[in-house]
Amino acid sequence: MDPVVIVSAVRTPIGKLGGALSSLNAVELGTIVAKEAIRRAQVSPKHIDQVIFGNVLQAGSGQNVARQIEINSGIPDTSTAMTTNQVCGSGLKAVRLGQTAIEMGDADVVLVGGTESMSAAPFIAPHVRFGHKYGQVPFFDSVEHDGLEDAFSKQPMGITAENVAEQFKVTREAQDAFALQSHQRAVQAQQNGAFNEEIVPVTIKTKRGSITVSEDEAVRPDTSIEALAKLPASFKKNGTVTAGNAAGLNDGASALVLMKASRAEQLGLTYLAKIDGYTEVGIDPAIMGYAPYYAINKLTAKLAISTEEIDRFEINEAFAAQSVAVVRDLKLDSKKVNANGGAIALGHPLGDSGARILTTLINQLHHDNLQTGIASLCIGGGMGMAMAVSKA
């Protein structure tokens, strides 16, 4: 047995929409973490055979975001690169594709990750290529159209969360309590330095000099259950999903270096974790947020283990509604789930999030001296995925 291992795993801090990282596009964010992942892995860029990055909002980014990151990171142009889009799962799917390339013998060392600048995503004017005869030219927001709108019902993702809340009986109070817990845990993690190893500080030049961003920008130490309860429903009258109990719109990137354990040993490298298993599932798009329930069940069955044997779970918090339902129905110990807060507090840069939760999970296992973990996400369009890792 020669498993695929993760030699380094880093991320940027996560910025708010229009916030501290908004001047950087997806390629620039991805290049920052790519260079640092290579440096920490202690491999030469010439050893990297492939680069695979998840990215959802690709309009206006130029050809093949992953290839741009690859060349900008000093990797030889004889290597290859691919950008993958599986909506919220894009970053984790990039890891899976890198793992598969190594297992199939197509590559020895692969740089994988995810990147997203929702701030840089353009507005699009369709149907004007051949001229517009009269009247207003319609525009649409690529963030909404390509990222946050269900392609089948044309409803926002928030409606799918309302569907989950209704079908699986998740109250507004339970959602707000979960959201508060996410922020409280993230605040505690920041104060305890739990993110220090995984975050690459980002220095941004401004007209007045430069600023360095080293913490996730959306975490709110001042939030309260009373403040959350006052927020109006965002997606339907008398609904339960609000801006406070849903993930925000964000910018960020993550990168990891993969290779076989034997290759790491050959290069004299210490690896962080090994990949133990992976699954994907499909589900009704109208309740897409519940997919991690099936993905995690499928993964634990595949590995012939129980959820009780897993030390930590990172389950992406697209919405509190789906998070509460999944954690409850899997009968997980809530202390093991998103122990440092999740996307409701930290943010959800679409193409980055899968790689981000895996990066956080691996670093958390080391920080807390734990052994096993599972990362899982729901995916717009009705899918879910999960990956199991164990600390080296």
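These residue numbers are counts, starting from 1, taken along the chain as shown.
A Cβ is built for glycine as well, from the same backbone N, Cα and C atoms used for every other residue.
Residues annotated as active site, acyl-thioester intermediate in TrEMBL: Cys88. Per TrEMBL, the feature active site, proton acceptor maps to His348, Cys378. Positions annotated as domain 'Thiolase N-terminal' by TrEMBL: 4-261. Positions annotated as domain 'Thiolase C-terminal' by TrEMBL: 270-390.
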Checklist line | Whole-number Å value for how far Cys378 (active site, proton acceptor) lies from the residue listed as 'active site, acyl-thioester intermediate' (Cα to Cα) | finding: 7
Next item on the list: Report the mean pLDDT of the predicted model across the domain 'Thiolase C-terminal' (270-390), rounded to a whole number.
Entry: 99
Next item on the list: Please name the residue among the active-site residues Cys88, His348 whose C-beta has the most neighbouring C-beta atoms within 10 angstroms.
Entry: Cys88
Next item on the list: For His348 (active site, proton acceptor) and Cys378 (active site, proton acceptor), determine the Cα separation and express it in whole Å.
Entry: 12
Check: Other than its own, how many Cβ atoms are within 10 Å of the Cβ belonging to Cys378 (active site, proton acceptor)?
Finding: 32
Notebook entry, point to check: DSSP helix, strand and coil counts for the domain 'Thiolase C-terminal' (270-390)?
Noted result: 54 helix, 32 strand, 35 coil
